[in-house]
C-alpha cells in the first residue's frame, strides 16, 4: 500500500468509528426521550439515523477492504447487495434531509397551521414516498446488472461493465442524480432561504423594539447597552449560520462525488483513483456530520444526553454505595464471629 492508500484507509476507519458512535447516541436519545418521539421531525431524524447506521456497518467496511486489498471484497452476491444498499441509502438520506427542510419551512413560515399541515400521518406519507423513490433506482440498476465493484471508488456501487449499455447507463445515471441530489438540493435551498427570510424579518422587528427601548432608557449603563447590541448581532447571525450549515454540508459532502460520477461518464476526462476514493470519503463524511447538524448540537438532544449520563452515573453511584455497605456489613459480621 502506498502512503496515500494508508491515509485514505485511516480516514475511512475514523469516519466509521465516529459515525457509529454519533448515530448510536442519536438513537439512544430518541428511545430515551418521549418528547423527541412525540415531535414529527423525530420521524425524519430516525429515518436519517437508520440510513446512516446501515451505511456505516455495510458500505464503509467494504470500502475499507477495497482500499486495502485493491479488489472486490467478498463474492459477487455480497457486492451486489451492498451496491444496492449504497444507492438506496444515499438517496433516502438526501430525501430525508429535504423532508426535514420542508418541516422547518412549514413550522417557521406557517406556524399557526403547522400542527394541521404536518401531522404524524403526513410525515408517514412523506417517508413512504422517500422509500419508494429511493428503492426504485437500485431495483432498476440491479435488474440491468449495473451494480458491482468500482475500482475508482474502491466500493460496490453503480457500475456498468458492458460497453453496449453505455448510452442507457449514462441516461440512467443522469436521471438518478437529478432526482436525488439535484432535487434535494433545490428543496433545501428553497425552503431554508424562505426560513431565513422570515427569521431576518423577525430579527428586524426585535431590533427596532430593542433600539426604541435603549433610547427611552437614558440612564442605562453603557455595558448593558453594549450587551444588547452584541445580542442583536448574534441573533442576526444565528439563523444564517444554521442554514449555511444545512446547505453547505450537503453540497460539500455530496457534490464532489456526484460531479465525479457524472464526469466519469465522459471518456475524455481521466479521473485519478485517489480522487475517486476521496470523493467517496466526502460522501461518507455526511454520515458523520448529520447527527451533529440535525440532532446532537440541538438543546433538546443535549439535555436528553445529559439526563442519560446523569442517570447512568447515579445508578453506578447507588450500586457502588450498596456494594460498600454490603462489604461493611460483611466485615462486621466476620468480626462478631
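Cβ coordinates come from backbone N, Cα and C, glycine included.
Range with TrEMBL annotation transmembrane segment, chosen from 96-122, 123-149, is 123-149. Sequence-distant contacts of the transmembrane segment (6-32), counting only residues of its own chain at least 6 positions beyond either end whose CB sits under 8 Å from a CB of the stretch, comprise 42, 45-46, 49, 52-53, 55-57, 60-61, 63-64, 67-68, 274, 277-278, 281, 284-285, 287-288, 290-292, 295-296, 301, 304-305, 307-308.
Annotation: stretch 243-263 has the most Cβ pairs under 8 Å to the transmembrane segment (169-195), among 44-69, 123-149, 243-263. Non-local neighbours of the transmembrane segment (123-149) in the same chain are 40, 43-44, 47, 66, 71-73, 76, 79-80, 83-85, 87-89, 91-92, 95-96, 99, 102-103, 155-162, 165, 168-169, 172, 176, 179-180; each lies 6+ residues outside the stretch with a CB under 8 Å from one of its CB atoms. Within the same chain, residues 1, 5, 8-9, 12-13, 15-16, 19-20, 23-24, 26-27, 30, 78-79, 82, 85-86, 89-90, 92-93, 96-97, 99-100, 103, 123, 126-127, 130, 149, 151, 153-156, 277, 280, 284, 287, 290-291, 294-295 sit at least 6 positions outside the transmembrane segment (44-69) and bring their C-beta atoms closer than 8 Å to a C-beta of that stretch.
Looking at the domain 'G-protein coupled receptors family 1 profile' (22-294) alone, the prediction's average pLDDT is 87.
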